[in-house]
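J.: Handing you a structure now.
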Amino acid sequence: MIKVSVVGAKGRMGLHVVEAVNNAEDTQLALALDAGDDLTQITTDNTDVVVEFTVPSVSLNNVLTLIGQGVDVVVGTTGWTDEKLAQVKSAIANGPKPETQKVFIAPNFAISAVLADYFATKAAKYFESAEVIELHHPTKVDAPSGTAIHTAHGIAEARKAAGLAPVPDATETDGGSRGQVVDGIHVHAVRLRGLNAHEEVLFGNAGEQLTIRADSFDRTSFMPGVLLAVRKLAGDAPAGLTIGLDHFLDL
């Protein structure tokens with residue numbers, strides 16, 4: 001049995017993670033901690049893998065503390081910048097088990113979203129134009145979503161490798177309506193009551209358009225991906241920092 005501790009256990013995602021861990025045949029809940037709880041309760045004696053689902057403002061400190069405890073961590077919190085990732089890598093290198101420490105960060109745990117992202121990177125080189133639209137519930141704290149940013153980076157890298165010119169755009173004034181530009185790709189965020197988590201990637205050429213869309217209607221859609229990551233970290237996942245569930249899928 002894989003002993004799993006959950007940080008952010010009383011949050012929207014954390015509650016689902018606790019339930020998923022309790023219901024899976026090969027995992028058992030070790031500790032369920034939330035804001036204000038002492039993370040040093042989590043040790044390698046009582047925990048094999050930690051799942052961290054909190055908020056961007058505290059996630060980095062949580063992960064650094066857990067690395068210091070020598071436990072492997074699955075992170076579902078978004079808002080990770082290059083600077084924050086560099087701090088995680090440094091903490092691993094200087095932590096108690098630099099050769100075996102595993103930290104996994106996923107922009108999205110929904111299999112549909114991971115596949116949509118993968119398909120988008122494959123399609124990117126064939127189209128002159130590309131834009132990303134992400135749609136979420138109005139209580140989401142970050143915009144654009146980490147998934148959308150990750151998708152935009154992947155599209156940009158594929159376009160660069162193919163030698164494509166920048167996407168065409170004659171806009172001179174927009175007042176912010178053209179969204180955030182991520183590596184030359186426009187990313188738009190919608191926050192609307194009734195939505196959960198959705199993403200559309202639009203590709204265009206003269207006379208044609210391709211739309212790739214992923215919809216998560218309920219947070220239970222993320223749990224198979226979370227459990228996959230837990231099992232991989234408890235098993236054959238490589239040491240160090242891994243980003244993206246695609247690394248654990250046969251793509």
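Note that Cβ sites are derived from N, Cα and C of the backbone, with glycine treated the same way.
I grabbed these lines from Swiss-Prot:
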BINDING   G8, A9, K10, G11, R12, M13, G76, T77, T78, A106, P107, N108, F109  NAD(+) binding site
ACT_SITE  H136  active site, proton donor/acceptor
BINDING   H137, G146, T147  (S)-2,3,4,5-tetrahydrodipicolinate binding site
ACT_SITE  K140  active site, proton donor
J.: Which value in Å gives the longest Cα to Cα span across the NAD(+) site residues G8, A9, K10, G11, R12, M13, G76, T77, T78, A106, P107, N108, F109 as recorded?
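T.: Across G8, A9, K10, G11, R12, M13, G76, T77, T78, A106, P107, N108, F109, the widest Cα separation comes out at 21 Å.
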J.: What's the CA to CA span in angstrom from H136 (active site, proton donor/acceptor) over to K10 (NAD(+) binding site)?
T.: 20
J.: Using only C-alpha positions, which one of H137, K140, G146, T147 is spatially nearest G8 (NAD(+) binding site)? These are the recorded positions in the record.
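T.: Going through H137, K140, G146, T147 one by one, the closest to G8 (NAD(+) binding site) is K140.
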J.: Could you measure between P107 (NAD(+) binding site) and T147 ((S)-2,3,4,5-tetrahydrodipicolinate binding site) for me? Cα positions, answer in whole angstrom.
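T.: Cα-Cα distance, P107 (NAD(+) binding site) to T147 ((S)-2,3,4,5-tetrahydrodipicolinate binding site): 5 Å.
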J.: For T147 ((S)-2,3,4,5-tetrahydrodipicolinate binding site), which of the listed recorded positions (K10, R12, G76, T78, K140) have their CA atom within 10 A of its CA?
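T.: The recorded positions close to T147 ((S)-2,3,4,5-tetrahydrodipicolinate binding site) (Cα within 10 Å), listed in sequence order, are T78.
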J.: Look at each of the binding-site residues, T78, T147, and point out the one with the fewest other Cβ atoms around it within 10 Å.
T.: T78
